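**Student:** Quick one: the structure is below, questions incoming.
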């Protein structure tokens with residue numbers, strides 16, 4: 001019986017994981033994860049604001065550093081910043097009127113609110129954990145009558161969007177009742193005909209068949225994987241009830257893949273570089289290719305990209321903030337409204353990646369700035385090798401070396417972290433603000449130049465292959481390279497899996513940042529050429545499956561919309577989100593479906609009509625010069641009518 005009692009006592013002590021007895025009889029406290037105060041909590045928003053005098057506040061506060069065992073445990077746990085949150089900084093959505101005695105007289109005095117809430121939290125934290133609050137900041141407070149008023153800009157943007165909608169519906173109705181004969185009809189009205197744009201979405205244009213059919217599926221696959229990464233970032237940023245789900249994900253082999261899934265953006269850069277170079281080389285066969293071509297190409301690109309950007313940005317800064325409410329609504333939805341109203345011009349000039357990431361309107365559109373800068377650099381490079389054909393290989397090789405050397409030197413001398421590690425929990429909470437690695441090694445043009453240039457090299461190589469009539473379909477070596485391109489691409493995602501658990505040296509970080517994503521880009525280049533020559537039925541079938549083609553054409557709109565959809569979903573959540581594998585998968589699936597459903601009207605009513613108008617206004621009536629067959633770089637195109645509106649990958 002005595003041994004049974006001893007066993008019960010020991011079991012209880014181990015199970016509770018609170019104390020242990022040393023040989024001299026002293027009692028040492030043993031802490032675990034749940035000994036710490038909750039990282040974030042949200043009081044019920046609706047119940048709080050049922051009272052007319054209620055005040056609901058979103059606050060962040062720091063714990064006072066002291067020598068207590070619990071604080072030292074929290075400090076040591078938070079020191080593993082590559083995979084753990086900073087648990088000395090806590091986040092609360094509190095019903096201040098119910099728990100801390102706030103009332104409507106305090107609403108306009110943030111300093112007073114901060115003092116009252118600091119004393120309130122100091123009492124509860126000290127009572128529950130023996131800790132104290134050092135400093136507290138109030139993001140904002142909400143009351144029952146707190147509503148965002150409509151203003152003149154709301155009505156102006158709303159009127160413009162209604163005009164666009166009615167023009168589409170009017171032109172569609174006209175051609176529904178009085179259908180045009182084939183090849184006839186007003187071109188400008190047909191551009192807004194939904195039936196015509198729907199047919200083009202389903203079946204594509206002349207450029208969507210043949211060799212470039214694989215690009216649409218690659219766009220869709222890439223966009224889906226990006227949505228998976230951003231769903232995890234959403235969980236990491238929001239008021240998640242169990243933040244250990246994110247922290248343990250860095251130790252989970254499969255979940256950790258998502259945190260290096262940012263390399264998949266290189267698919268867009270490779271395709272963008274390939275299509276830009278291939279199209280320009282073909283264009284130069286029948287048109288003068290001079291420095292005057294550069295401003296024309298810039299205008300063409302701006303007109304292609306901007307209409308959908310302006311619509312999404314206009315909605316984000318006007319009507320989307322009126323669609324809901326919630327404890328985090330001001331932090332994620334109204335915040336984007338305010339940023340877009342002040343920094344809209346950064347997107348209009350297509351240079352958003354040159355500005356602090358945490359202050360970007362539609363931060364997901366950083367890609368447009370990076371791609372535009374690489375587009376301009378490549379235009380100059382192509383002009384040089386077109387004017388002096390013998391310089392082609394030396395110039396392209398030199399650019400490749402420079403594009404690899406710059407990120408290496410930048411990472412080494414700026415002591416940047418490996419890019420994979422830049423997506424750590426506390427950085428996610430700060431929306432990657434003040435994260436030099438994310439800014440310089442991820443969204444900058446120089447860090448993505450090598451992947452874009454590999455696409456250019458692939459276009460140059462394929463251009464020559466067509467001229468020399470090389471047939472890689474009969475090459476056993478190339479078939480093998482094509483076969484292993486996907487495993488190699490997956491292997492690059494696995495690279496650096498252990499970097500979240502140790503600190504890499506400056507040299508190791510520089511090597512990783514210079515080569516990791518570019519190995520992936522090189523594998524994608526081989527895959528694309530293999531698809532052109534149809535070297536493997538399984539691979540080719542996976543990217544030429546019919547239903548994927550229209551989904552790929554919606555990917556640009558999906559890129560622009562998905563972050564706003566995630567923001568509105570997170571902003572209206574009334575309670576903390578409890579994350580599990582199942583809820584994460586459901587969140588991911590819901591975001592993918594909702595994003596592509598919302599992308600459909602944006603494409604049919606805005607993007608597709610804009611592309612048609614662009615072709616009408618900018619397409620030349622006749623070639624301005626005949627092809628010169630004596631130029632080694634000039635070939636007869638393997639596919640005709642490559643249209644920027646149908647195969648462009650400027651996402």
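Residue numbers in this text run from 1 along the chain shown.
Note: Cβ is positioned from N, Cα and C throughout, glycine not excepted.
Remember, TrEMBL labels are computer predictions, not curated facts.
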**Student:** Looking at 189-210, 321-342, 343-364, 365-386, I want to know which stretch TrEMBL calls transmembrane segment.
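**Tutor:** Per TrEMBL, the stretch marked transmembrane segment is 365-386.
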**Student:** From 78-98, 99-119, 120-140, 393-413, which range did TrEMBL mark with transmembrane segment?
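**Tutor:** That would be 393-413, per the transmembrane segment entry in TrEMBL.
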**Student:** Tell me which range among 430-451, 452-473, 518-539 TrEMBL lists as transmembrane segment.
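**Tutor:** In TrEMBL, the transmembrane segment feature sits at 518-539.
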**Student:** Looking at 40-59, 220-239, 540-559, which stretch does TrEMBL describe as transmembrane segment?
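**Tutor:** In TrEMBL, residues 220-239 carry the label transmembrane segment.
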**Student:** Looking at 302-320, 625-643, which one does TrEMBL call transmembrane segment?
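**Tutor:** Range annotated as transmembrane segment by TrEMBL: 302-320.
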**Student:** Please determine whether the transmembrane segment (155-177) and the transmembrane segment (365-386) are in contact (criterion: at least three Cβ-Cβ distances under 8 Å, sequence separation 6 or more).
**Tutor:** no
**Student:** Contact between the transmembrane segment (393-413) and the transmembrane segment (259-281) is defined here as three or more C-beta pairs under 8 Å separated by at least 6 residues; is that satisfied?
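**Tutor:** Stretch pair does not touch.
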**Student:** Could you check whether the transmembrane segment (476-497) packs against the transmembrane segment (393-413) - three or more CB pairs closer than 8 Å, residues at least 6 apart in sequence?
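**Tutor:** As far as Cβ distances go (cut-off 8 Å, pairs 6 or more apart), the transmembrane segment (476-497) and the transmembrane segment (393-413) do not touch.
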**Student:** Mind checking which residues reach the transmembrane segment (220-239)? Cβ under 8 Å, same chain, six or more beyond either end.
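**Tutor:** Apart from its flanks, the transmembrane segment (220-239) reaches 40-42, 91, 93, 245-246, 249, 255, 258-259, 261-262, 264-265, 267-268, 327-328, 364, 423, 425, 428-429, 431, 543, 548, 551-552, 554-555, 558-559, 562-563, 566, 569-570, 573, 576-577, 579, 584, 587-588, 591-592, 595, 651.
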**Student:** If you count every Cβ pair below 8 Å, which range out of 302-320, 393-413, 518-539, 582-606 shares the most with the transmembrane segment (365-386)?
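**Tutor:** Looking at each of 302-320, 393-413, 518-539, 582-606 in turn, the most contacts to the transmembrane segment (365-386) are made by 393-413.
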